[in-house]
Amino acid sequence: MTMALTNAFVLLFSCVLAISFCVWGKPATFLDDFQITWSDSHIRQIDGGKAIQLVLDQNSGCGFASKRKYLFGRVSMKIKLIPGDSAGTVTAFYMNSDTDTVRDELDFEFLGNRSGQPYTVQTNIYAHGKGDREQRVNLWFDPSTDFHTYTIMWNHHHIVFYVDDVPIRVYKNNEARNIPFPKFQPMGVYSTLWEADDWATRGGLEKIDWSKAPFLASYKDFDIEGCPVPGPASCASNTGNWWEGTTYQALNVMEARRYRWVRINHMIYDYCTDKSRYPVSPPECIAGI
């Protein structure tokens with residue numbers, strides 16, 4: 001038996017032992033788990049594909065997506081955002097069911113800024129086709145000087161958005177109160193860099209300065225741990241998956257403290273308190289997010 005066949009047999013046997021499910025982990029390179037979906041000339045692979053740069057100029061933005069979809073798990077990337085004057089740009093990292101009508105989606109959108117102003121991250125959640133759940137947080141550090149880890153944790157209990165180890169957004173599963181929660185549709189992992197100067201910076205007041213192009217966002221340490229689809233049907237419902245464990249069903253004491261700190265000191269917009277859009281608070285706001 002060849003070494004390749006031996007390794008394949010060992011992997012298959014390990015999956016069977018793990019109660020008939022496989023959990024995907026860190027790829028060796030970008031192309032192991034991802035593919036370029038938009039403007040391959042604007043995505044640069046670095047260090048043998050272990051890192052990449054997304055490029056935005058007047059000709060095009062760009063984007064990439066995972067080769068597979070996943071149902072529950074944790075997705076993270078280390079990203080170094082556009083330095084200097086990035087007004088009018090949006091760097092997005094998100095999960096999407098890629099369904100036309102009843103869409104599920106979990107969004108990080110990093111909104112470009114004028115030099116010296118804080119970077120804003122907008123999160124949004126679509127569940128069963130309904131979105132418009134934007135929250136905005138000003139980051140408490142300069143995310144363009146070094147890599148920081150951005151994570152989406154998604155299990156049967158809640159969805160949590162993390163910046164490094166700090167939770168900035170929690171969306172609980174309140175299906176018992178007839179509030180939609182994404183749990184039926186697998187989602188792919190996506191990232192794009194594009195121009196959105198009609199809304200991204202100060203509501204569109206600050207326009208993109210093309211003299212500062214090309215705009216560069218850098219990525220590394222791609223990590224997807226979840227149930228791949230297609231894959232073993234039992235994976236998503238398996239309570240033995242590590243992300244379904246007791247530790248991950250709610251924020252711990254330290255995380256809850258950090259979450260409160262972010263909401264008190266760095267949140268600049270919350271759809272739940274926007275009475276001009278929602279005179280009556282959306283039900284998930286009343287139930288608690």
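Every residue gets a Cβ built from N, Cα and C, even glycine.
The feature active site, nucleophile is assigned by TrEMBL to GLU105. Look at TrEMBL and you will find GLU109 tagged as active site, proton donor. Residues or ranges marked as domain 'GH16' by TrEMBL: 21-219. Taken from TrEMBL, the feature N-linked glycosylation site covers ASN113. What TrEMBL records for 1-18 is signal peptide.
Location within the structure of each feature annotated in TrEMBL.
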residue: GLU105; record: active site, nucleophile; Cβ contacts under 8 Å, 6 or more apart: TYR94, MET95, ASN96, SER97, ASN124, ILE125, TYR126, GLY131, MET187
residue: GLU109; record: active site, proton donor; Cβ contacts under 8 Å, 6 or more apart: VAL90, THR91, ALA92, TYR94, VAL121, GLN122, THR123, ASN124
residue: ASN113; record: N-linked glycosylation site; Cβ contacts under 8 Å, 6 or more apart: ASP85, SER86, ALA87, TYR119, THR120, THR201
Overall pLDDT of the domain 'GH16' (21-219), taken as the mean: 93
